[in-house]
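For reference, the structure discussed in these notes is given below.
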Amino acid sequence: MVTPGALRVLFLLLLLLWASGMENSEILEQPRNVCLGLINEGNYESFYLENTAGCFTKCRQSGNEPCDLKNLQRYWLKYEFHLVENQMGIVNTSFLKAVVQSVSTNISEDLFFSLTPSQVPRPVTEKEHEPPDRVRLPRSLFESLQDSSSVVRLAITLLDIGPGNLFKGPELSLEDSSSVLNNRVVGLSLGNISVSRLAEPLEITFSHQRPPSNMTFSCVFWDVTKGSTGDWSSTGCSTELSAKRTVCRCDHLTFFALLLRPILDRATVQALVRISQAGCGASMIFLAFTVVLYAALSPQQPHSLRLRASRECERCHPCPQPSPRLGHSPHPQQAEHDLPAGCAAGPCEPGLERQKESSPTLEGGPWRLRFYRQRFKSEDAPKVHVALSISLFLLNLAFFINVGHGRERSDATCWARGAIFHYFLLCTFTWMGLEAFHLYLLVIKVFNTYFGHYFLKLSLVGWGLPALIVIGTGSANSYGHYAIRDKKNMATLELCWFREKTAVSALYVTVHGYFLITCLFSAVVLGLVAWKIFTLSTATAGKEQGPNWKGVLTVLGLSSLVGVTWWLAILTPLGRSTIYVFALFNSLQGVFIFCWFAVLYFPSRTAVSSSSGTARIDQTFRL
């Protein structure tokens with residue numbers, strides 16, 4: 001018969017057995033959570049490596065597997081130290097290729113290792129047929145360690161990180177379009193020896209196919225101090241791009257990779273659109289001010305002062321009659337005359353001589369306004385400037401309508417919006433080219449340049465030639481829906497422009513080619529004008545007087561008229577930073593034009609009375 005005391009002992013034993021069974025079951029279940037990064041921590045035998053490597057596929061954003069990316073990434077980072085400290089030879093698995101070898105710090109030449117993905121890294125010579133993927137470790141790296149050791153152990157690993165989130169970093173996860181090239185990471189380690197700020201950087205060469213037009217490569221390393229889990233960083237690394245390979249140069253040892261990133265991902269496109277809209281809005285306001293400035297205001301410079309300067313020249317010697325220019329007189333006359341010695345450095349010049357025709361009493365109030373309106377109607381340069389300002393204003397307005405309304409469902413409406421945007425873009429290019437042409441006639445080819453109905457002819461070119469191009473392009477049904485896409489073919493920006501793929505040739509001919517022609521012509525003219533400004537001011541002064549800041553500012557002002565801000569588009573293939581620079585400065589072109597006009601048409605008394613070469617050229621620019 002069982003006593004009550006025996007029953008109590010039996011009951012306690014059952015409780016203990018049940019508790020131990022629960023603990024054993026938890027232990028058995030723990031391996032299922034290997035992707036938390038704690039189960040295999042510090043264990044690097046083949047079984048544990050294979051077990052942990054399964055997380056490269058399991059740890060995805062849409063997966064159900066609980067993952068601790070920080071612990072898992074730390075596991076593989078420490079594996080490099082484990083290789084250096086505990087293993088010699090090679091590791092060859094489907095996801096990991098590694099080699100560990102001793103290297104003398106007294107070597108006489110650089111070390112080269114192949115990085116072929118399907119093979120274990122192996123030493124190669126510099127003269128050997130160059131592998132498509134390889135690493136070069138400079139001799140100076142090992143020489144810098146001679147004081148601490150005569151031999152060091154070097155580990156080189158090739159790790160396939162798979163399609164999951166491991167070693168992707170927060171930035172790549174957010175963009176959802178960038179990727180690690182071929183999901184391959186290259187690890188270089190000397191164990192506990194820290195190597196940074198190398199005098200001569202190491203080189204890693206990655207081979208690849210030509211990237212898509214909207215993608216670019218960048219060399220990065222894994223920075224454990226960046227963010228809570230670590231992230232890719234390019235500090236200390238440079239990227240040398242070519243058609244089929246990229247060379248990364250870095251000044252330290254760690255995990256390296258080549259990132260394939262969209263030049264215009266969604267976040268970048270949105271930022272560029274906001275920058276462009278803000279800049280274009282400011283430009284539209286200042287362009288409107290520019291038109292008002294020319295249509296209603298008069299220069300603050302007293303006309304009597306200009307007339308007095310001209311009379312002073314006449315007292316010295318009558319000014320020679322210049323050849324008429326740009327439609328101011330219907331009768332072309334003689335070529336350039338030699339100025340008398342006493343007037344050579346004075347204010348006697350064609351621009352000032354012509355201004356004697358107006359009354360010297362028109363100095364203020366309504367008289368000044370009337371005088372300026374008459375002057376505005378009689379001169380061509382202000383009209384050219386105003387035409388450029390109007391075309392640029394309408395281009396900015398078309399940009400706002402095109403970008404701000406998103407995708408247009410109606411094909412006919414989208415065709416019209418694309419054609420209008422194309423027309424005003426070509427008008428802007430044309431008038432910037434005409435500004436350069438007008439500048440050439442004023443400064444370079446000064447004499448015998450009479451053109452009847454000069455501004456009318458410029459207008460026919462400035463407004464008519466773009467219309468002919470748009471009509472021809474539109475008749476080929478080139479306008480329609482256009483989208484900027486990322487690596488996954490997802491649209492990051494949709495607008496009405498040239499139809500995708502089918503109108504590529506029309507885009508390159510009528511936009512890129514047209515822009516290139518006007519850009520080259522304007523660059524040549526601007527270069528000649530700059531040479532004229534600086535050589536004339538130097539010759540007039542008789543000697544060097546330090547930097548000619550007035551001449552520099554004059555050239556910068558003229559640059560806004562001939563569209564130098566558009567030339568920055570040539571630099572955009574260099575990377576994302578140049579695209580931001582182009583978007584910022586180009587959208588502010590209207591502001592720069594207004595600033596130049598304000599300075600040009602409201603000069604100080606000092607600038608007017610100055611006899612420097614630059615001042616005389618400034619007078620020419622106003623006519």
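Cβ coordinates come from backbone N, Cα and C, glycine included.
Taken from TrEMBL, the feature domain 'GAIN-B' covers 111-266. If you look up TrEMBL, you'll see 384-601 marked as domain 'G-protein coupled receptors family 2 profile 2'. The signal peptide annotation in TrEMBL covers 1-21. Annotation comment: TrEMBL describes 275-297, 384-401, 421-442, 454-472, 511-531, 552-572, 578-602 as transmembrane segment.
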Contact check, the transmembrane segment (275-297) vs the transmembrane segment (421-442), 3+ Cβ pairs under 8 Å, seq sep 6+: no
The transmembrane segment (511-531) in contact with the transmembrane segment (421-442), cutoff 8 A, at least 3 CB pairs, sep 6+: yes
The domain 'G-protein coupled receptors family 2 profile 2' (384-601) [mean pLDDT, rounded to integer]: 85
Maximum Cβ pairs under 8 Å to the transmembrane segment (421-442) - stretch from the list 384-401, 454-472, 552-572, 578-602: 384-401
